[in-house]
Amino acid sequence: MAENSSYPTEEQQPAHTSSLKRRHEEDSPEFGSPPKKQDTGEGHSLKVASHYNTLQECGLAERSRSRIVHLRNFNNWTKSILIGEILDKVRRERRDVAVLDLGCGKGGDLLKWRKGRISKLVCADIADVSVEQCRQRYDDMRRRSHPNERIFSAEFITADCSRELLSDKLSDAELKFDICSCQFVYHYSFESHSQADTMLRNACERLRPGGFFIGTTPDSYELVKRLEASDSNSFGNEVYRVTFRKKGEYPLFGCQYEFNLEGVVDVPEFLVYFPLLVEMAKKYNMRLVFKKTFREFFQDKIKDEQNRILLQRMQGLEQYPADGRGRLASDNPVEYHHAERIAKTPGVRLPLGTMSKSEWEATSTYSCVLYSLSSCGLPLCFFLSD
Ligand SMILES: C[S@@+](CC[C@H](N)C(=O)[O-])C[C@H]1O[C@@H](n2cnc3c(N)ncnc32)[C@H](O)[C@@H]1O
């Protein structure tokens, strides 16, 4: 990747904060009145489990041909940086680090935990097939590792973490975690208050004092802003589409939408109204350390040379203009107007690192979140940002 990177610009001001906030104050069970939507039993959990169970893992070759390969790599880079920084922070205090990967999926973050030299990992997910694939990946990793490498021990749990308590299922009832990582998962639990609370409890109740809860989730401000700007119940572009049931009403729980990425209709997701999550987390003695959109996180972290090198290695950006052998992810020149404009600026060194406009629009619907637990209930005052 070149040192230069260019992105399509867009407004970042959250819109409709006031209508969301009003509903928050009126409806939140934490604020005196019952939630609008009651937990009706299974909800969408079965759908979620079977959706992820049937998702095929595609090989490297197929992945690299995907229209959204850079978006996926970029999201993965964002997780790597978030996880790496938090591990560095924890390691300053502790040698043996225990992690809960809440909604681990097929084990997409196993290598990050290996690189971070943790001691113990608990992987939990609602989808049993995914958990089994995660276990196999871990076993393979162990088998292929150098005999001198000390690979973390791992435990695998299939559970609906929005309805079941993980503490009842852990093999060691005394186990405490330094980190709970919940990547692209938490929004599934916002179907009802009790589900969101159980997920939060699973994330936080076994954290050591000073431990961290980190995560990534779609940004409700961004989703509502884009929805309100659209003239239908839906918005998106050639790589992603988000479809809401209704416009103008955003209940605190059960505000359902469908996120369709590269033509694959995903299972229902639910808006996570962030100030409510912050309030709910106080019950578990959690204090917010930061919340950043992917755009803000990128702008912050890309200043660091090591992070830039990693982004290049992970191919989170594509080269613009494409080199002789390569092709851009899209043949449509409109997708690269932003890069073309910068490339024509006198003095700019080519090639640039960039991403197609549609991929950037899709990935910029996400935010990273970092919480910290304070056993004595005092707010912690450190921030990860520089
Ligand atoms: C988008 S995938 C992310 C997987 C993984 N964290 C990653 O970043 O690669 C979302 C995962 O959340 C899991 N999930 C959704 N609802 C869940 C629940 N109630 N309990 C546990 N896992 C859940 C899904 O089965 C799926 O594996």
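Using the three backbone atoms N, Cα and C, a Cβ is placed for every residue, glycine included.
Bear in mind that TrEMBL entries carry predicted annotations, made automatically and left uncurated.
Under 8 Å, Cβ to Cβ, and six or more positions away along its own chain, ASN75 (mRNA binding site) finds PHE184, THR216, PHE294, THR363, TYR366. TrEMBL lists ASN75, ASN76 with the feature mRNA binding site.
Residues or ranges marked as S-adenosyl-L-methionine binding site by TrEMBL: LYS79, GLY103, ASP125, ASP160, GLN183, TYR188. Cβ contacts within 10 Å of GLY103 (S-adenosyl-L-methionine binding site), excluding its own Cβ and spanning all protein chains shown: 26.
The compositional bias 'Polar residues' feature in TrEMBL is assigned to 1-18.
Positions annotated as domain 'MRNA cap 0 methyltransferase' by TrEMBL: 66-374.
The region 'Disordered' annotation in TrEMBL covers 1-43.
What TrEMBL records for LYS106 (among others) is site 'mRNA cap binding'. Applying an 8 A CB threshold to same-chain residues 6+ apart, the list for LYS106 (site 'mRNA cap binding') reads GLU57, SER130, GLN133, CYS134, ARG137. Under the three-state DSSP scheme, LYS106 (site 'mRNA cap binding') falls in the coil class.
Sequence-distant neighbours of LYS112 (site 'mRNA cap binding') (same chain, 6+ residues apart, CB-CB distance under 8 A): LYS79, SER80, ILE83, GLY84. If you look up TrEMBL, you'll see LYS112 (among others) marked as site 'mRNA cap binding'.
Note on ARG137 (site 'mRNA cap binding'): other Cβ atoms within 10 Å of its Cβ, all shown chains, come to 17. Residues or ranges marked as site 'mRNA cap binding' in TrEMBL: ARG137 (among others).
Within the same chain, residues at least 6 positions away in sequence whose Cβ sits under 8 Å from that of HIS187 (site 'mRNA cap binding') are THR217, PRO218, GLU269, PHE270, LEU271, VAL272. Annotation source TrEMBL lists site 'mRNA cap binding' at HIS187 (among others).
Taken from TrEMBL, the feature site 'mRNA cap binding' covers GLU269 (among others). Secondary structure at GLU269 (site 'mRNA cap binding'), as computed by DSSP, is strand.
Residue environment of TYR366 (site 'mRNA cap binding') contains 19 other Cβ atoms, counted within 10 Å of its Cβ in all protein chains. The DSSP secondary structure for TYR366 (site 'mRNA cap binding') is strand. The site 'mRNA cap binding' annotation in TrEMBL covers TYR366 (among others).
TYR188 (S-adenosyl-L-methionine binding site) falls within a helical segment according to DSSP.
ASP125 (S-adenosyl-L-methionine binding site): 29 other CB atoms within 10 A of its CB, across all protein chains. Of the recorded residues, GLN183 (S-adenosyl-L-methionine binding site) and ASN76 (mRNA binding site) place their C-alpha atoms 10 Å from one another. Taking CA atoms as the reference points, TYR188 (S-adenosyl-L-methionine binding site) and ASN76 (mRNA binding site) are 20 Å apart. In this structure the alpha carbons, written CA, of GLY103 (S-adenosyl-L-methionine binding site) and ASN76 (mRNA binding site) are 15 Å apart. Residues GLY103, ASP125, ASP160, GLN183, TYR188, taken from the recorded positions GLY103, LYS112, ASP125, ASP160, GLN183, TYR188, are distinguished by a CB atom under 6 angstroms from ligand 1. A mean pLDDT of 92 is what the model gives for the domain 'MRNA cap 0 methyltransferase' (66-374).
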